[in-house]
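S.K.: What Swiss-Prot lists as domain 'UCH catalytic' is 3-224. Residues annotated as site 'Transition state stabilizer' in Swiss-Prot, with sequence analysis given as evidence: 87. If you look up Swiss-Prot, you'll see 93 marked as active site, nucleophile. The active site, proton donor feature in Swiss-Prot is assigned to 164. Marked as site 'Important for enzyme activity' by Swiss-Prot on the basis of sequence analysis: 179.
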């Protein structure tokens with residue numbers, strides 16, 4: 001498996017990254033400093049996605065396996081334009097979460113560049129084929145590596161990274177968890193433009209509740225850029 005340098009959960013670096021990929025400067029990645037109602041009010045609006053970084057603990061891996069076995073028995077329907085891709089490149093989860101966040105929000109303008117080219121090239125492909133396409137995309141690899149090196153902690157490629165990024169988005173009134181390590185998108189119930197922030201925060205709290213002794217969680221959001 002190809003290994004990339006892991007991205008830091010640094011909103012400034014991630015904002016620079018999405019802009020380099022072609023996302024309009026009108027959008028940025030922002031820290032979510034708390035998940036209670038009063039702190040959620042501080043997040044710049046509109047909020048188009050939550051990005052959660054969490055530890056892949058034994059408890060979480062057990063939950064993931066049980067969830068997979070439960071959902072694979074059900075033929076769930078998803079919107080045709082839900083963009084979902086698998087992750088086959090080690091440490092690419094940050095990039096995959098950003099792709100999921102941007103690609104599932106038509107309001108987020110993307111100029112011609114690496115990301116737009118990738119989305120157009122993979123539009124008709126399966127989630128697995130999209131993951132393989134990213135693995136072979138030399139431009140995406142180069143951009144990821146360049147920005148990953150700007151993080152506050154330059155983790156070496158051979159280090160074992162136990163944290164993982166996922167995206168939470170509102171797609172046609174359903175809150176989706178998009179995780180390239182999983183075989184399919186995960187539905188977390190109904191949501192709306194007005195309730196998305198609180199609904200996504202609730203899902204983040206559920207991740208934290210599964211590992212009550214763990215503190216290594218980071219929550220970010222794709223939002224309108226602050227003026």
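Glycine residues also receive a Cβ, built from the backbone N, Cα and C atoms like all the rest.
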S.K.: What is the interatomic distance between the Cα atoms of residue 87 (site 'Transition state stabilizer') and residue 179 (site 'Important for enzyme activity'), given in whole Å?
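M.R.: Each residue's Cα considered, residue 87 (site 'Transition state stabilizer') and residue 179 (site 'Important for enzyme activity') end up 8 Å apart.
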S.K.: If we count other C-beta atoms within 10 Å, could you say which of the recorded positions 87, 93, 164, 179 has the fewest?
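M.R.: Looking at the recorded positions 87, 93, 164, 179, the Cβ with the fewest others within 10 Å is that of 164.
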S.K.: Find the average pLDDT over the domain 'UCH catalytic' (3-224) in the predicted model and report it.
M.R.: 94
S.K.: Taking DSSP as the reference, which of helix, strand or coil describes the residue listed as 'active site, nucleophile'?
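M.R.: Its secondary structure by DSSP: helix.
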S.K.: For residue 179 (site 'Important for enzyme activity') and the residue listed as 'active site, nucleophile', what Cα-Cα distance in Å is obtained after rounding to a whole number?
M.R.: 8
S.K.: Specify the secondary structure state of residue 179 (site 'Important for enzyme activity') as given by DSSP, simplified to three classes.
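M.R.: For residue 179 (site 'Important for enzyme activity') - judged by DSSP and reduced to three states - the answer is coil.
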